[in-house]
Every structure is written in C-alpha cells, then in structure tokens.
Amino acid sequence: MSAQIIDGKAVAAAQRDRIAAEVADLTAAGVQPGLAAVLVGDDPASHVYVGMKEKDCAAVGMRSLGARLPSDVTQETLHAEIDRLNEDPQVHGIIVQMPLPDHLDEVAAQDRIAPEKDVDGLHPHSQGQLMRGVPTYVPATPLGCQVLLEHYDIPLSGANVVIVGRSTLVGRPLAMLLSRKGVDATVTCCHSRTKDLAAHTRGADIVIMAVGVARMLTADMVREGAVVIDVGITRGEDGKLVGDVDFDGVAEVAGWITPVPGGVGPMTRAMLLENTLRAARTQSGQPSS
Ligand code: NDP
C-alpha cells in the first residue's frame with residue numbers, strides 16, 4: 001500500500017475532546033448545550049442511530065432530550081412536538097431522525113425546525129446561507145469531510161475536487177462548502193447520469209465518493225497520488241461495513257485515503273456535536289473560546 005491513511009477515528013476523538021472542554025466551560029457559565037432527537041416509530045436502525053447520538057452527547061457533557069412518537073403520529077402532532085422543542089430554552093439543536101413513516105412529509109418536518117436550532121443543516125435557511133457562501137449550520141458529513149482534509153493540510157485552494165453524489169445531505173452541500181470563496185476548490189459534482197465517470201475521477205486531485213455502491217471506485221479510476229475520501233456505507237453480506245472505494249486496490253495508487261469504517265463516519269458524529277455546541281453559543285450569546 002502506498003497511500004497514507006486519513007484517520008477519521010483519531011481526528012474525531014480529538015474533536016470530541018476539544019468539544020467536551022468547551023461544553024464544560026459553557027456549562028460552568030450556566031449553559032449546558034442540549035440536543036433533541038425526534039424519533040418516530042419503531043425502525044430499528046433509526047433507534048440505533050438516535051441511541052448513538054445520545055451516547056455521543058453524554059460523552060461530551062451535553063444534555064440529550066429524546067422525543068419518541070408513535071409510528072401512526074399525525075403531521076400536526078409531529079409539528080406540535082417540533083414547535084415545543086423550538087420553544088424550549090434547554091434545547092439548542094433539534095434533529096428529526098430520517099426516514100419518517102411513509103404517511104409523513106419529511107421536508108415539511110425539516111422546514112418546521114427553527115433555523116437557529118437546525119443542527120442537521122437541512123433547513124432551507126441553512127442550505128441557502130451555504131449557497132450564499134456564509135454558512136450557518138452545514139450538514140455534519142460534508143463538514144466532517146472538510147475538517148478531515150484541513151486536518152491533514154491537504155491543499156484545497158485551486159484543487160480539482162470530484163464529488164460523486166449530489167444529495168441534499170452530502171454531495172451538494174459538500175460542493176458548496178469546498179467551492180466557496182476562501183476554500184476555493186474547483187468542484188465537479190457527478191451523479192448517476194454522468195458520462196464517463198472515470199474520466200472525471202482520473203482528473204481529480206481529490207475524489208470524494210458519496211454514492212452507496214460498494215467498491216465502485218477502482219484503482220484505474222484514480223490518478224497517482226490523489227486524495228480519496230469515502231463517504232459511502234453499504235453493509236456487506238457478512239454484516240461488515242463496506243465503502244464506495246475498493247480500498248485495497250485504490251490504496252496502491254492514491255496518496256491519501258480514508259478507511260471504512262474509521263474514516264468519515266466518526267467525523268459525522270463529531271460534527272453534529274460541533275453544530276450543537278455552536279448553536280448553544282449563538283443562542284446564549286456566549287462568544288466562542
Ligand atoms: P443518496 O442515495 O441520497 O445519493 C446518492 C447519490 O449517488 C445520488 O446523487 C446518485 O445520483 C449518485 N449515484 C448513484 N449511483 C451512481 C452511479 N452508478 N454513478 C454515479 N453516481 C451515482 O445517498 P446519500 O448522499 O444520502 O448517501 C451516500 C452514501 O453515503 C450512502 O452510502 C450513505 O449510507 C452514506 N452516508 C454516510 C455517512 C457517513 O457518516 N459516513 C453519512 C451520510 C451518508 P442521482 O442523483 O443521479 O440519483
């Protein structure tokens with residue numbers, strides 16, 4: 001293997017330590033950051049994700065307030081619950097765990113969250129501010145990718161970045177984040193209709209995969225020395241997590257590479273805490289340390 005490993009687990013641990021220290025200071029000043037997760041129904045994966053978020057909050061000293069609603073809840077009751085959390089001064093960040101049951105409107109629920117508590121960064125206000133180049137809350141996964149790249153001093157200004165995937169959650173906000181003034185990457189956003197994907201990825205200094213197709217980026221699609229960030233997660237038949245990158249092959253060619261697990265995933269979890277911390281600071285008027 002020639003590539004150096006981008007160790008998301010270690011960077012996320014350092015981020016959590018910093019966040020925990022800041023949470024302790026803020027709590028001592030009378031403001032304990034609080035995150036509320038709205039969980040609807042009995043989807044086992046959603047319960048696992050919310051459980052992880054609660055554990056992450058506890059580990060850095062944040063308060064977590066779960067709101068559990070039955071799977072047959074109406075849109076009106078869901079909105080009333082979000083309104084209640086919007087009004088609760090102990091809650092600084094609100095997330096609605098997706099997916100919601102089919103009868104509910106996910107976008108309407110996201111739009112109901114007060115913009116200043118939108119720590120998932122999915123409200124039109126957050127996405128609009130990012131589009132304007134003055135982000136408020138950036139979705140945790142794109143933010144985690146940027147922090148990882150900066151941690152390893154990977155040059156972004158003028159770099160050719162190819163992002164494969166254009167979702168509202170990952171690909172598009174990441175394109176906005178890296179192409180804005182001050183970061184200055186030249187970004188190409190590819191998707192399922194892109195012609196000759198390999199021609200794009202081969203021309204990239206940095207390839208970021210956010211698709212959800214196991215091992216689709218192979219060594220012949222990457223130029224020598226490129227940086228490869230793997231956001232994708234698929235569960236293999238053996239139950240193990242697999243990324244969008246054929247790790248063993250690509251690591252022979254790339255200069256830097258993230259593993260799966262242990263790359264972007266831990267950063268996503270840490271950046272939700274970072275957004276909640278920032279939300280608590282902003283809402284309480286406490287300047288950042
Ligand atoms: P979506 O399904 O919303 O988006 C996938 C994107 O990939 C779409 O833009 C789609 O194109 C594109 N795509 C699909 N097939 C191809 C193809 N053959 N060639 C090129 N592009 C293709 O997924 P998300 O953005 O929500 O998530 C992407 C992956 O990242 C998933 O595996 C998810 O589990 C993972 N993930 C990981 C996180 C982490 O913390 N590590 C956090 C969030 C997500 P089109 O728009 O044309 O359909």
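Glycine is no exception: its Cβ is also placed from the backbone N, Cα and C atoms.
Annotation note: S167 (NADP(+) binding site) sits in a coil segment as assigned by DSSP. Within 10 Å of the C-beta of S167 (NADP(+) binding site) there are 16 other C-beta atoms, taking all protein chains into account. Taken from TrEMBL, the feature NADP(+) binding site applies to G165, R166, S167, I233.
According to TrEMBL, the domain 'Tetrahydrofolate dehydrogenase/cyclohydrolase catalytic' annotation covers 6-120.
Per TrEMBL, the feature domain 'Tetrahydrofolate dehydrogenase/cyclohydrolase NAD(P)-binding' maps to 139-283.
Within the domain 'Tetrahydrofolate dehydrogenase/cyclohydrolase NAD(P)-binding' (139-283), the DSSP-based counts of helix, strand and coil residues read 54 helix, 26 strand, 65 coil.
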